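Have a look at the structure below before the remarks.
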Amino acid sequence: MSVKQRRNVEELEPPSSELLYGLEDNPPWYLCVLLGTQHFFTMVSTTIPIPFVLASLVCLEPSDPARSYLVSTIIFVSGLITFLQSTIGVRLPIVQGGNFAYLIPTVALLSANFASCESQRAANLTAAQQQEEWQARMRAIQGNIAVSSVFQIILGFTGVIGVMLKWITPLTIIPTVSLVGLSLFDLAADRSSQHWSVSMSTTVLMVLLSQYMKDVSLSLPTGYRRGYGFIYSEVQVFKMFSIIVALLTSWLVCWVLTVTDTFPPGCPSRTDRSTLISNTPWFRIPYPGQWGMPTVTVAGVLGMMVAGLASIIESVGDYYATARICGTPAPPVHAINRGVGIEGVGVTVAGLWGSGSGTNSYSENLAAITVTRVGSRRVIQMSAMVMLVAGSVCKFGALCASIPEPIVASLYWIMFSLITSVGLSTLQFVDLNSSRNLFVLGFTLFFSLSVSKYVKANPESLKTGLPLLDQTLLVLLQTTIFLGCVLGCFLDNTIPGTKEERGLVSWRAQQGDSKSCPGYDLPYGMDAIRRRKWLRYLPFSPTFRGFHSAKYNVTVNTTTSTPVPVTTTTSTPVPVTTTTSTPVAETTT
(Lines of atoms letter the chains of each structure in order from A and count residues from 1; the text may use other names and numbers.)
(Lines give C-alpha, C1' and ligand atoms only; values in the text may rest on other atoms or scores of the structure.)
Protein backbone atom coordinates (compact mmCIF):
# COMPACT_ATOMS: atom_id res chain seq x y z
CA MET A 1 0.00 0.00 0.00
CA SER A 2 1.38 3.43 -0.90
CA VAL A 3 2.23 6.01 1.72
CA LYS A 4 -0.16 8.45 0.08
CA GLN A 5 -2.91 5.86 0.28
CA ARG A 6 -2.08 5.24 3.93
CA ARG A 7 -2.26 8.97 4.69
CA ASN A 8 -5.61 9.20 2.97
CA VAL A 9 -6.77 6.23 5.01
CA GLU A 10 -5.54 7.88 8.20
CA GLU A 11 -7.56 10.97 7.38
CA LEU A 12 -10.67 8.89 6.86
CA GLU A 13 -10.17 6.23 9.48
CA PRO A 14 -12.46 6.46 12.47
CA PRO A 15 -11.02 6.45 15.98
CA SER A 16 -10.99 3.00 17.54
CA SER A 17 -13.84 4.06 19.86
CA GLU A 18 -16.04 4.71 16.79
CA LEU A 19 -15.49 1.27 15.27
CA LEU A 20 -18.68 -0.74 15.23
CA TYR A 21 -16.70 -3.96 15.54
CA GLY A 22 -13.01 -4.24 16.38
CA LEU A 23 -10.42 -6.84 15.47
CA GLU A 24 -11.55 -9.46 18.01
CA ASP A 25 -15.29 -8.76 17.81
CA ASN A 26 -17.73 -11.12 16.09
CA PRO A 27 -20.63 -9.39 14.30
CA PRO A 28 -23.91 -11.30 13.69
CA TRP A 29 -23.62 -13.97 11.00
CA TYR A 30 -25.84 -12.13 8.51
CA LEU A 31 -23.70 -8.99 8.83
CA CYS A 32 -20.57 -11.08 8.34
CA VAL A 33 -22.04 -12.53 5.13
CA LEU A 34 -23.07 -9.10 3.82
CA LEU A 35 -19.77 -7.36 4.57
CA GLY A 36 -17.76 -10.40 3.50
CA THR A 37 -19.50 -10.35 0.12
CA GLN A 38 -18.65 -6.66 -0.18
CA HIS A 39 -14.97 -7.42 0.39
CA PHE A 40 -15.24 -10.20 -2.18
CA PHE A 41 -16.52 -7.89 -4.92
CA THR A 42 -13.88 -5.29 -4.05
CA MET A 43 -11.20 -7.94 -4.47
CA VAL A 44 -12.68 -9.33 -7.70
CA SER A 45 -12.72 -5.93 -9.39
CA THR A 46 -8.95 -5.73 -8.87
CA THR A 47 -8.17 -9.38 -9.66
CA ILE A 48 -10.11 -9.80 -12.93
CA PRO A 49 -7.44 -8.18 -15.16
CA ILE A 50 -4.83 -10.82 -14.20
CA PRO A 51 -6.53 -13.88 -15.74
CA PHE A 52 -7.48 -11.76 -18.76
CA VAL A 53 -3.82 -10.93 -19.36
CA LEU A 54 -2.77 -14.54 -18.74
CA ALA A 55 -5.37 -15.88 -21.19
CA SER A 56 -3.92 -13.73 -23.95
CA LEU A 57 -0.32 -14.57 -23.03
CA VAL A 58 -0.91 -18.34 -23.17
CA CYS A 59 -2.92 -18.02 -26.41
CA LEU A 60 -6.37 -19.11 -25.21
CA GLU A 61 -9.26 -18.73 -27.64
CA PRO A 62 -12.16 -16.43 -26.60
CA SER A 63 -14.66 -19.31 -26.35
CA ASP A 64 -12.35 -21.75 -24.55
CA PRO A 65 -13.84 -22.73 -21.14
CA ALA A 66 -10.30 -22.65 -19.74
CA ARG A 67 -10.66 -18.87 -19.55
CA SER A 68 -13.32 -19.29 -16.88
CA TYR A 69 -11.14 -21.91 -15.18
CA LEU A 70 -8.36 -19.34 -14.80
CA VAL A 71 -10.76 -16.82 -13.25
CA SER A 72 -12.24 -19.42 -10.90
CA THR A 73 -8.81 -20.72 -9.88
CA ILE A 74 -7.40 -17.34 -8.87
CA ILE A 75 -10.57 -16.54 -6.88
CA PHE A 76 -10.48 -19.97 -5.17
CA VAL A 77 -6.80 -19.65 -4.28
CA SER A 78 -7.36 -16.12 -2.97
CA GLY A 79 -10.00 -17.52 -0.61
CA LEU A 80 -7.63 -20.20 0.70
CA ILE A 81 -4.76 -17.83 1.47
CA THR A 82 -7.07 -15.11 2.84
CA PHE A 83 -8.41 -17.59 5.39
CA LEU A 84 -4.90 -18.79 6.32
CA GLN A 85 -3.53 -15.24 6.63
CA SER A 86 -6.38 -13.98 8.81
CA THR A 87 -6.40 -17.10 11.00
CA ILE A 88 -2.78 -18.16 11.58
CA GLY A 89 -0.78 -15.56 9.64
CA VAL A 90 -0.56 -11.91 10.64
CA ARG A 91 -4.18 -12.29 11.92
CA LEU A 92 -5.33 -8.89 10.68
CA PRO A 93 -8.44 -8.38 8.50
CA ILE A 94 -6.46 -8.44 5.25
CA VAL A 95 -7.69 -9.82 1.92
CA GLN A 96 -5.20 -11.67 -0.29
CA GLY A 97 -5.45 -11.69 -4.07
CA GLY A 98 -3.54 -11.93 -7.34
CA ASN A 99 -0.37 -9.90 -7.77
CA PHE A 100 0.41 -7.84 -10.89
CA ALA A 101 4.15 -7.95 -10.11
CA TYR A 102 4.29 -11.56 -11.35
CA LEU A 103 3.13 -10.51 -14.82
CA ILE A 104 6.51 -8.90 -15.60
CA PRO A 105 8.65 -12.06 -15.26
CA THR A 106 5.81 -14.07 -16.83
CA VAL A 107 5.97 -11.99 -20.02
CA ALA A 108 9.77 -12.35 -20.09
CA LEU A 109 9.60 -16.10 -19.47
CA LEU A 110 7.08 -16.78 -22.22
CA SER A 111 8.73 -14.55 -24.81
CA ALA A 112 12.09 -16.26 -24.20
CA ASN A 113 10.87 -19.86 -24.29
CA PHE A 114 7.73 -20.04 -26.45
CA ALA A 115 6.63 -18.96 -29.90
CA SER A 116 4.26 -16.04 -30.26
CA CYS A 117 0.51 -16.58 -30.39
CA GLU A 118 0.41 -15.26 -33.97
CA SER A 119 2.84 -17.92 -35.19
CA GLN A 120 0.94 -20.59 -33.26
CA ARG A 121 -2.35 -19.65 -34.92
CA ALA A 122 -0.65 -19.63 -38.34
CA ALA A 123 0.43 -23.24 -37.78
CA ASN A 124 -3.19 -24.46 -37.97
CA LEU A 125 -2.89 -26.72 -34.94
CA THR A 126 -5.57 -29.20 -33.96
CA ALA A 127 -7.67 -28.65 -30.85
CA ALA A 128 -5.59 -31.16 -28.89
CA GLN A 129 -2.35 -29.49 -29.98
CA GLN A 130 -3.66 -26.04 -29.06
CA GLN A 131 -4.63 -27.31 -25.61
CA GLU A 132 -1.16 -28.75 -25.09
CA GLU A 133 0.45 -25.48 -26.19
CA TRP A 134 -1.39 -23.27 -23.70
CA GLN A 135 -1.10 -25.82 -20.91
CA ALA A 136 2.67 -26.05 -21.47
CA ARG A 137 2.87 -22.29 -20.97
CA MET A 138 0.78 -22.51 -17.79
CA ARG A 139 2.94 -25.35 -16.44
CA ALA A 140 6.05 -23.21 -16.93
CA ILE A 141 4.44 -20.26 -15.15
CA GLN A 142 3.08 -22.22 -12.21
CA GLY A 143 6.23 -24.28 -11.68
CA ASN A 144 8.48 -21.24 -11.42
CA ILE A 145 6.03 -19.44 -9.13
CA ALA A 146 5.77 -22.44 -6.79
CA VAL A 147 9.54 -22.92 -6.50
CA SER A 148 10.22 -19.20 -6.06
CA SER A 149 7.84 -19.14 -3.08
CA VAL A 150 10.41 -21.10 -1.05
CA PHE A 151 12.46 -17.89 -0.97
CA GLN A 152 9.55 -15.95 0.54
CA ILE A 153 8.77 -18.73 3.04
CA ILE A 154 12.38 -18.76 4.26
CA LEU A 155 12.47 -14.96 4.56
CA GLY A 156 9.35 -14.98 6.73
CA PHE A 157 9.67 -17.99 8.99
CA THR A 158 13.41 -17.46 9.69
CA GLY A 159 12.99 -13.75 10.42
CA VAL A 160 15.52 -12.82 7.72
CA ILE A 161 13.06 -10.34 6.23
CA GLY A 162 13.74 -8.01 9.17
CA VAL A 163 17.46 -8.03 8.35
CA MET A 164 16.87 -7.54 4.62
CA LEU A 165 14.64 -4.53 5.20
CA LYS A 166 17.71 -2.69 6.49
CA TRP A 167 19.14 -2.83 2.96
CA ILE A 168 15.87 -2.39 1.09
CA THR A 169 15.67 1.39 1.19
CA PRO A 170 13.09 3.81 -0.29
CA LEU A 171 15.29 4.27 -3.37
CA THR A 172 15.16 0.50 -3.85
CA ILE A 173 11.40 0.31 -3.39
CA ILE A 174 10.53 3.23 -5.69
CA PRO A 175 11.94 1.83 -8.96
CA THR A 176 11.00 -1.77 -8.13
CA VAL A 177 7.30 -1.04 -7.58
CA SER A 178 6.98 1.74 -10.18
CA LEU A 179 8.45 -0.43 -12.93
CA VAL A 180 5.64 -2.94 -12.45
CA GLY A 181 3.18 -0.40 -13.85
CA LEU A 182 5.52 1.33 -16.30
CA SER A 183 6.49 -1.97 -17.93
CA LEU A 184 2.89 -2.86 -18.76
CA PHE A 185 1.87 0.26 -20.69
CA ASP A 186 2.40 -1.58 -24.00
CA LEU A 187 -0.06 -4.24 -22.91
CA ALA A 188 -2.69 -1.67 -21.91
CA ALA A 189 -2.32 0.23 -25.19
CA ASP A 190 -2.48 -2.96 -27.28
CA ARG A 191 -5.69 -4.23 -25.64
CA SER A 192 -7.36 -0.81 -25.73
CA SER A 193 -6.55 -0.38 -29.41
CA GLN A 194 -9.06 -3.11 -30.24
CA HIS A 195 -11.81 -0.53 -29.67
CA TRP A 196 -10.53 2.80 -28.37
CA SER A 197 -13.93 4.45 -27.97
CA VAL A 198 -15.23 1.76 -25.59
CA SER A 199 -11.99 1.58 -23.58
CA MET A 200 -11.68 5.32 -23.17
CA SER A 201 -15.35 5.88 -22.33
CA THR A 202 -15.16 3.19 -19.63
CA THR A 203 -11.98 4.76 -18.28
CA VAL A 204 -13.62 8.18 -18.14
CA LEU A 205 -16.58 6.68 -16.29
CA MET A 206 -14.28 5.02 -13.75
CA VAL A 207 -12.46 8.29 -13.10
CA LEU A 208 -15.74 10.17 -12.76
CA LEU A 209 -17.18 7.71 -10.24
CA SER A 210 -14.04 6.99 -8.21
CA GLN A 211 -12.64 10.53 -8.01
CA TYR A 212 -15.39 13.09 -8.54
CA MET A 213 -18.36 11.20 -7.06
CA LYS A 214 -16.68 9.18 -4.32
CA ASP A 215 -18.34 11.23 -1.55
CA VAL A 216 -21.83 11.08 -3.05
CA SER A 217 -24.20 9.14 -0.76
CA LEU A 218 -27.29 7.25 -1.83
CA SER A 219 -30.18 6.40 0.47
CA LEU A 220 -30.55 2.63 0.26
CA PRO A 221 -32.58 0.09 2.26
CA THR A 222 -30.28 -1.64 4.71
CA GLY A 223 -32.82 -3.43 6.91
CA TYR A 224 -36.45 -4.09 7.75
CA ARG A 225 -38.41 -3.74 10.99
CA ARG A 226 -41.78 -5.30 11.45
CA GLY A 227 -44.37 -2.64 11.91
CA TYR A 228 -42.06 0.15 10.73
CA GLY A 229 -41.02 -0.84 7.22
CA PHE A 230 -37.67 -0.58 5.53
CA ILE A 231 -34.73 1.16 7.19
CA TYR A 232 -32.77 3.45 4.90
CA SER A 233 -29.13 4.43 5.37
CA GLU A 234 -26.81 6.79 3.54
CA VAL A 235 -24.29 4.63 1.67
CA GLN A 236 -21.26 5.90 -0.30
CA VAL A 237 -21.64 3.38 -3.10
CA PHE A 238 -19.14 4.90 -5.51
CA LYS A 239 -16.34 4.99 -2.95
CA MET A 240 -16.41 1.18 -2.64
CA PHE A 241 -17.86 -0.05 -5.91
CA SER A 242 -16.85 2.54 -8.53
CA ILE A 243 -14.99 0.02 -10.68
CA ILE A 244 -17.77 -2.57 -10.58
CA VAL A 245 -20.44 0.06 -11.38
CA ALA A 246 -18.39 1.38 -14.32
CA LEU A 247 -17.77 -2.13 -15.70
CA LEU A 248 -21.42 -3.15 -15.44
CA THR A 249 -22.59 0.12 -17.00
CA SER A 250 -20.24 -0.21 -19.99
CA TRP A 251 -21.12 -3.88 -20.34
CA LEU A 252 -24.84 -3.01 -20.43
CA VAL A 253 -24.24 -0.32 -23.06
CA CYS A 254 -22.25 -2.77 -25.19
CA TRP A 255 -25.07 -5.31 -24.91
CA VAL A 256 -27.61 -2.74 -26.10
CA LEU A 257 -25.35 -1.74 -29.01
CA THR A 258 -24.92 -5.42 -29.86
CA VAL A 259 -28.65 -6.21 -29.81
CA THR A 260 -29.38 -3.20 -32.02
CA ASP A 261 -26.51 -4.19 -34.37
CA THR A 262 -24.86 -0.83 -33.87
CA PHE A 263 -21.60 -2.73 -33.44
CA PRO A 264 -20.79 -4.52 -36.73
CA PRO A 265 -20.19 -8.30 -36.77
CA GLY A 266 -16.72 -9.18 -35.53
CA CYS A 267 -16.43 -6.05 -33.40
CA PRO A 268 -14.34 -6.81 -30.25
CA SER A 269 -16.92 -5.01 -28.08
CA ARG A 270 -19.87 -7.19 -29.10
CA THR A 271 -21.26 -9.27 -26.25
CA ASP A 272 -22.30 -12.20 -28.47
CA ARG A 273 -18.86 -13.06 -29.83
CA SER A 274 -18.20 -15.80 -27.32
CA THR A 275 -20.07 -18.97 -26.38
CA LEU A 276 -17.97 -19.18 -23.24
CA ILE A 277 -20.84 -19.20 -20.74
CA SER A 278 -22.76 -21.97 -22.51
CA ASN A 279 -19.59 -24.07 -22.92
CA THR A 280 -18.64 -23.84 -19.25
CA PRO A 281 -19.93 -26.31 -16.64
CA TRP A 282 -21.78 -25.01 -13.60
CA PHE A 283 -19.41 -26.35 -10.96
CA ARG A 284 -15.73 -27.25 -10.97
CA ILE A 285 -13.39 -27.26 -7.97
CA PRO A 286 -9.82 -26.19 -8.86
CA TYR A 287 -7.13 -28.66 -7.81
CA PRO A 288 -3.30 -28.87 -7.78
CA GLY A 289 -1.68 -29.78 -11.08
CA GLN A 290 -4.86 -29.25 -13.10
CA TRP A 291 -2.75 -28.20 -16.12
CA GLY A 292 -0.27 -31.07 -15.75
CA MET A 293 3.14 -31.47 -14.11
CA PRO A 294 4.74 -28.04 -13.54
CA THR A 295 8.07 -27.27 -15.19
CA VAL A 296 10.89 -25.17 -13.75
CA THR A 297 13.76 -23.09 -15.11
CA VAL A 298 16.48 -21.25 -13.23
CA ALA A 299 15.76 -17.98 -15.01
CA GLY A 300 12.03 -18.21 -14.34
CA VAL A 301 12.53 -18.88 -10.63
CA LEU A 302 14.87 -15.90 -10.22
CA GLY A 303 12.44 -13.59 -12.00
CA MET A 304 9.53 -14.72 -9.84
CA MET A 305 11.64 -14.28 -6.70
CA VAL A 306 12.05 -10.58 -7.46
CA ALA A 307 8.29 -10.27 -7.91
CA GLY A 308 7.85 -11.95 -4.53
CA LEU A 309 10.23 -9.48 -2.91
CA ALA A 310 8.23 -6.56 -4.32
CA SER A 311 5.01 -8.04 -2.91
CA ILE A 312 6.61 -8.47 0.54
CA ILE A 313 7.44 -4.77 0.68
CA GLU A 314 3.87 -3.79 -0.19
CA SER A 315 2.32 -6.30 2.23
CA VAL A 316 4.39 -5.18 5.22
CA GLY A 317 3.16 -1.63 4.64
CA ASP A 318 -0.42 -2.90 4.53
CA TYR A 319 0.05 -4.66 7.89
CA TYR A 320 0.83 -1.38 9.65
CA ALA A 321 -1.97 0.50 7.86
CA THR A 322 -4.56 -2.16 8.73
CA ALA A 323 -3.54 -2.15 12.39
CA ARG A 324 -4.04 1.63 12.57
CA ILE A 325 -7.47 1.41 10.96
CA CYS A 326 -8.58 -1.34 13.34
CA GLY A 327 -7.37 0.59 16.40
CA THR A 328 -4.92 -2.13 17.45
CA PRO A 329 -1.17 -1.81 18.20
CA ALA A 330 1.30 -2.12 15.32
CA PRO A 331 2.03 -5.77 14.49
CA PRO A 332 4.96 -7.19 16.49
CA VAL A 333 7.90 -8.80 14.76
CA HIS A 334 6.57 -12.35 15.12
CA ALA A 335 3.30 -11.40 13.42
CA ILE A 336 5.13 -9.80 10.49
CA ASN A 337 7.40 -12.84 10.13
CA ARG A 338 4.41 -15.15 10.22
CA GLY A 339 2.47 -12.98 7.77
CA VAL A 340 5.31 -12.97 5.22
CA GLY A 341 5.81 -16.72 5.68
CA ILE A 342 2.12 -17.52 5.25
CA GLU A 343 2.02 -15.28 2.20
CA GLY A 344 4.84 -17.41 0.82
CA VAL A 345 2.75 -20.50 1.51
CA GLY A 346 -0.04 -18.79 -0.41
CA VAL A 347 2.27 -18.28 -3.39
CA THR A 348 3.09 -22.00 -3.23
CA VAL A 349 -0.62 -22.83 -3.28
CA ALA A 350 -1.19 -20.40 -6.16
CA GLY A 351 1.62 -22.02 -8.11
CA LEU A 352 0.54 -25.61 -7.49
CA TRP A 353 -3.11 -24.82 -8.28
CA GLY A 354 -2.06 -23.06 -11.50
CA SER A 355 -3.58 -19.63 -10.93
CA GLY A 356 -0.80 -18.07 -13.02
CA SER A 357 0.02 -15.46 -10.38
CA GLY A 358 1.32 -15.15 -6.85
CA THR A 359 -0.69 -13.49 -4.07
CA ASN A 360 -0.25 -10.48 -1.83
CA SER A 361 -2.35 -8.23 0.39
CA TYR A 362 -4.96 -5.92 -1.16
CA SER A 363 -4.90 -2.34 0.08
CA GLU A 364 -8.16 -1.64 -1.79
CA ASN A 365 -10.07 -3.56 0.87
CA LEU A 366 -8.77 -1.23 3.59
CA ALA A 367 -11.07 1.47 2.21
CA ALA A 368 -14.06 -0.82 2.78
CA ILE A 369 -13.04 -1.22 6.43
CA THR A 370 -12.78 2.54 6.78
CA VAL A 371 -16.23 3.18 5.31
CA THR A 372 -18.10 0.37 7.12
CA ARG A 373 -16.21 0.89 10.41
CA VAL A 374 -16.04 -2.89 10.80
CA GLY A 375 -12.51 -4.18 11.37
CA SER A 376 -13.50 -7.65 12.50
CA ARG A 377 -11.32 -10.58 11.56
CA ARG A 378 -14.44 -12.74 11.32
CA VAL A 379 -15.75 -10.67 8.38
CA ILE A 380 -12.61 -11.35 6.33
CA GLN A 381 -12.81 -15.04 7.17
CA MET A 382 -16.38 -15.04 5.89
CA SER A 383 -15.19 -13.23 2.76
CA ALA A 384 -12.71 -16.07 2.24
CA MET A 385 -15.58 -18.54 2.40
CA VAL A 386 -17.44 -16.52 -0.26
CA MET A 387 -14.33 -16.66 -2.47
CA LEU A 388 -14.10 -20.43 -2.10
CA VAL A 389 -17.75 -20.87 -3.09
CA ALA A 390 -17.51 -18.42 -6.01
CA GLY A 391 -14.30 -20.08 -7.19
CA SER A 392 -16.13 -23.40 -7.38
CA VAL A 393 -18.99 -22.00 -9.50
CA CYS A 394 -17.52 -21.93 -13.00
CA LYS A 395 -20.46 -20.05 -14.45
CA PHE A 396 -19.44 -17.05 -12.33
CA GLY A 397 -15.90 -17.26 -13.70
CA ALA A 398 -17.28 -17.57 -17.23
CA LEU A 399 -19.47 -14.51 -16.67
CA CYS A 400 -16.42 -12.48 -15.63
CA ALA A 401 -14.31 -13.88 -18.49
CA SER A 402 -16.99 -13.01 -21.07
CA ILE A 403 -16.67 -9.26 -20.47
CA PRO A 404 -15.54 -7.69 -23.78
CA GLU A 405 -11.80 -7.17 -23.72
CA PRO A 406 -11.91 -3.44 -24.60
CA ILE A 407 -13.89 -2.91 -21.38
CA VAL A 408 -11.39 -4.86 -19.31
CA ALA A 409 -8.57 -2.92 -21.00
CA SER A 410 -9.88 0.19 -19.26
CA LEU A 411 -9.04 -1.53 -15.97
CA TYR A 412 -5.43 -1.77 -17.15
CA TRP A 413 -5.20 2.01 -17.41
CA ILE A 414 -6.45 2.48 -13.87
CA MET A 415 -4.61 -0.40 -12.18
CA PHE A 416 -1.24 0.01 -13.88
CA SER A 417 -1.20 3.76 -13.29
CA LEU A 418 -2.07 3.26 -9.61
CA ILE A 419 0.73 0.71 -9.23
CA THR A 420 3.18 3.22 -10.69
CA SER A 421 2.00 5.96 -8.34
CA VAL A 422 2.24 3.56 -5.39
CA GLY A 423 5.97 3.31 -6.00
CA LEU A 424 6.46 7.02 -6.68
CA SER A 425 4.59 8.02 -3.51
CA THR A 426 7.57 6.77 -1.45
CA LEU A 427 9.50 9.75 -2.81
CA GLN A 428 8.13 11.84 0.05
CA PHE A 429 10.62 10.18 2.40
CA VAL A 430 13.79 11.04 0.42
CA ASP A 431 15.41 14.42 -0.12
CA LEU A 432 14.51 15.41 -3.68
CA ASN A 433 16.88 18.40 -3.49
CA SER A 434 19.79 15.95 -3.42
CA SER A 435 21.51 15.40 -6.76
CA ARG A 436 22.61 12.01 -5.45
CA ASN A 437 19.02 10.83 -5.01
CA LEU A 438 17.92 12.25 -8.36
CA PHE A 439 20.72 10.35 -10.09
CA VAL A 440 19.94 7.04 -8.37
CA LEU A 441 16.24 7.29 -9.17
CA GLY A 442 16.47 8.58 -12.74
CA PHE A 443 19.32 6.33 -13.84
CA THR A 444 17.72 3.21 -12.33
CA LEU A 445 14.36 3.77 -14.05
CA PHE A 446 15.77 4.74 -17.45
CA PHE A 447 18.50 2.09 -17.52
CA SER A 448 16.10 -0.71 -16.52
CA LEU A 449 13.54 0.19 -19.19
CA SER A 450 16.22 0.62 -21.86
CA VAL A 451 18.02 -2.67 -21.21
CA SER A 452 14.77 -4.60 -21.02
CA LYS A 453 13.51 -3.18 -24.31
CA TYR A 454 16.81 -3.85 -26.10
CA VAL A 455 17.13 -7.45 -24.92
CA LYS A 456 13.51 -8.19 -25.83
CA ALA A 457 14.10 -6.85 -29.35
CA ASN A 458 17.52 -8.51 -29.75
CA PRO A 459 17.50 -11.86 -27.92
CA GLU A 460 20.26 -13.22 -30.14
CA SER A 461 22.71 -10.67 -28.70
CA LEU A 462 23.22 -12.83 -25.58
CA LYS A 463 25.67 -15.54 -26.63
CA THR A 464 27.92 -16.70 -23.78
CA GLY A 465 28.36 -20.25 -25.07
CA LEU A 466 26.44 -21.68 -22.11
CA PRO A 467 22.78 -22.33 -23.04
CA LEU A 468 21.57 -22.29 -19.41
CA LEU A 469 23.32 -19.00 -18.71
CA ASP A 470 21.99 -17.52 -21.94
CA GLN A 471 18.42 -18.43 -21.02
CA THR A 472 18.82 -17.10 -17.47
CA LEU A 473 20.23 -13.76 -18.63
CA LEU A 474 17.59 -13.47 -21.35
CA VAL A 475 14.76 -13.72 -18.83
CA LEU A 476 16.33 -11.61 -16.08
CA LEU A 477 17.43 -8.78 -18.38
CA GLN A 478 13.90 -8.55 -19.79
CA THR A 479 12.47 -8.31 -16.25
CA THR A 480 12.48 -4.61 -15.45
CA ILE A 481 11.70 -5.07 -11.75
CA PHE A 482 14.78 -7.29 -11.38
CA LEU A 483 17.00 -4.64 -12.96
CA GLY A 484 15.38 -1.86 -10.94
CA CYS A 485 15.65 -3.72 -7.63
CA VAL A 486 19.28 -4.78 -8.05
CA LEU A 487 20.50 -1.48 -9.48
CA GLY A 488 18.58 0.71 -7.04
CA CYS A 489 19.73 -1.33 -4.03
CA PHE A 490 23.37 -1.31 -5.19
CA LEU A 491 23.55 2.41 -5.98
CA ASP A 492 21.72 3.61 -2.86
CA ASN A 493 23.81 1.46 -0.51
CA THR A 494 27.18 2.27 -2.11
CA ILE A 495 26.97 5.96 -3.09
CA PRO A 496 27.73 8.07 0.02
CA GLY A 497 24.75 9.80 1.58
CA THR A 498 23.32 10.57 5.02
CA LYS A 499 20.41 8.63 6.50
CA GLU A 500 18.24 11.73 6.44
CA GLU A 501 19.13 12.37 2.79
CA ARG A 502 18.30 8.78 1.80
CA GLY A 503 14.99 8.90 3.70
CA LEU A 504 15.87 6.13 6.13
CA VAL A 505 14.97 8.07 9.28
CA SER A 506 11.44 9.02 8.26
CA TRP A 507 10.90 5.70 6.47
CA ARG A 508 11.58 3.63 9.58
CA ALA A 509 9.75 6.05 11.86
CA GLN A 510 6.46 5.59 9.93
CA GLN A 511 6.38 1.92 10.87
CA GLY A 512 5.45 2.87 14.42
CA ASP A 513 6.15 1.11 17.70
CA SER A 514 5.37 -2.59 17.79
CA LYS A 515 3.92 -3.80 21.07
CA SER A 516 2.67 -7.14 22.26
CA CYS A 517 -1.05 -7.60 21.68
CA PRO A 518 -3.20 -10.69 22.27
CA GLY A 519 -4.85 -10.08 18.91
CA TYR A 520 -1.71 -11.34 17.16
CA ASP A 521 -1.50 -14.56 19.17
CA LEU A 522 -2.47 -17.86 17.58
CA PRO A 523 -6.12 -18.87 18.04
CA TYR A 524 -5.27 -22.11 19.84
CA GLY A 525 -2.51 -23.53 22.02
CA MET A 526 -1.16 -20.30 23.51
CA ASP A 527 -0.88 -21.75 27.02
CA ALA A 528 1.29 -24.58 25.73
CA ILE A 529 3.41 -22.16 23.68
CA ARG A 530 4.09 -19.94 26.71
CA ARG A 531 5.12 -22.94 28.82
CA ARG A 532 7.77 -24.05 26.31
CA LYS A 533 10.64 -21.61 26.63
CA TRP A 534 12.46 -22.88 23.51
CA LEU A 535 9.64 -21.54 21.33
CA ARG A 536 10.75 -17.98 22.10
CA TYR A 537 13.67 -18.56 19.72
CA LEU A 538 11.39 -19.26 16.74
CA PRO A 539 10.85 -16.02 14.76
CA PHE A 540 7.22 -16.90 14.02
CA SER A 541 6.28 -17.85 17.57
CA PRO A 542 3.98 -15.44 19.48
CA THR A 543 6.56 -15.43 22.33
CA PHE A 544 9.34 -14.19 20.01
CA ARG A 545 10.38 -10.56 20.57
CA GLY A 546 13.43 -10.30 18.29
CA PHE A 547 16.85 -11.91 18.13
CA HIS A 548 18.38 -9.20 20.31
CA SER A 549 16.02 -10.00 23.19
CA ALA A 550 15.77 -13.79 22.85
CA LYS A 551 18.01 -14.35 25.89
CA TYR A 552 15.52 -12.60 28.15
CA ASN A 553 12.43 -14.11 29.67
CA VAL A 554 9.49 -12.99 27.55
CA THR A 555 6.62 -14.56 29.45
CA VAL A 556 3.64 -12.29 29.90
CA ASN A 557 3.48 -9.92 32.89
CA THR A 558 6.84 -10.94 34.40
CA THR A 559 9.09 -8.09 33.27
CA THR A 560 10.16 -5.30 35.60
CA SER A 561 10.50 -1.87 34.12
CA THR A 562 13.33 0.52 34.98
CA PRO A 563 12.25 3.14 37.53
CA VAL A 564 11.67 6.56 36.00
CA PRO A 565 10.47 9.82 37.53
CA VAL A 566 6.71 9.70 37.85
CA THR A 567 4.38 12.65 38.20
CA THR A 568 1.20 11.73 40.02
CA THR A 569 -1.92 13.14 38.41
CA THR A 570 -5.58 12.52 38.91
CA SER A 571 -7.30 11.79 35.66
CA THR A 572 -10.88 12.73 35.01
CA PRO A 573 -13.08 9.71 34.35
CA VAL A 574 -14.12 9.55 30.72
CA PRO A 575 -17.89 9.41 30.37
CA VAL A 576 -19.08 6.33 28.55
CA THR A 577 -22.29 6.33 26.62
CA THR A 578 -23.87 3.01 25.84
CA THR A 579 -25.75 2.79 22.56
CA THR A 580 -27.62 -0.02 20.94
CA SER A 581 -28.39 1.39 17.54
CA THR A 582 -26.08 1.41 14.53
CA PRO A 583 -24.46 4.86 14.27
CA VAL A 584 -25.57 5.68 10.73
CA ALA A 585 -28.20 8.05 9.46
CA GLU A 586 -31.50 6.16 9.38
CA THR A 587 -35.12 6.99 8.67
CA THR A 588 -38.07 4.65 8.91
CA THR A 589 -41.08 4.52 6.64
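Cβ atoms are placed via backbone N, Cα and C, with glycine included.
Values in this document were obtained by computation on a predicted structure and should not be read as measured data.
Here TrEMBL flags 566-589 as region 'Disordered'.
Under the heading transmembrane segment, TrEMBL lists 28-57 (among others).
Taken from TrEMBL, the feature transmembrane segment covers 69-88 (among others).
Marked as transmembrane segment by TrEMBL: 100-117 (among others).
Among the features that TrEMBL reports, transmembrane segment is placed at 145-165 (among others).
Residues or ranges marked as transmembrane segment in TrEMBL: 171-189 (among others).
Here TrEMBL flags 240-260 (among others) as transmembrane segment.
Per TrEMBL, transmembrane segment is recorded for 382-404 (among others). Remote same-chain partners of the transmembrane segment (382-404), defined as residues 6 or more beyond its termini with a Cβ less than 8 Å from a stretch Cβ, comprise 32-33, 35-37, 39-40, 43-44, 48, 51-52, 55, 65, 67-80, 82-83, 86, 95, 195, 198, 247, 251, 254, 268-271, 273-274, 276-277, 279-286.
Here TrEMBL flags 410-430 (among others) as transmembrane segment.
The transmembrane segment annotation in TrEMBL covers 437-455 (among others).
Look at TrEMBL and you will find 475-495 (among others) tagged as transmembrane segment.
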Report summary line: Spatial neighbours of the transmembrane segment (100-117) not adjacent in sequence (6+ beyond its ends, CB under 8 Å) are 49-50, 53-54, 56-59, 136-137, 140-141, 144-145, 179-181, 183-184, 187, 297, 299-300, 303-304, 306-308, 310-311, 356-358, 360, 415-416, 419, 456, 459, 471, 474-476, 478-482
Report summary line: Most Cβ pairs under 8 Å to the transmembrane segment (475-495), of 28-57, 69-88, 240-260, 410-430, 437-455, goes to 437-455
Report task. Tell me, please, if the transmembrane segment (69-88) and the transmembrane segment (171-189) are in contact, taking contact as 3+ Cβ pairs under 8 Å between residues separated by 6 or more positions? Result -> no
Query - Most Cβ pairs under 8 Å with the transmembrane segment (28-57), selected from 171-189, 240-260, 410-430, 437-455 - result: 240-260
Requested in this report: Grab the same-chain neighbours of the transmembrane segment (171-189) for me: Cβ-Cβ under 8 Å, and only residues 6 or more beyond its ends, written as numbers and ranges.
Outcome: 53, 100-101, 103-104, 107, 306, 309-310, 313-314, 409, 412-413, 415-424, 426-427, 430, 437, 440-441, 444-445, 448-449, 452, 480-481, 483-485, 487-489, 491-492, 502-503
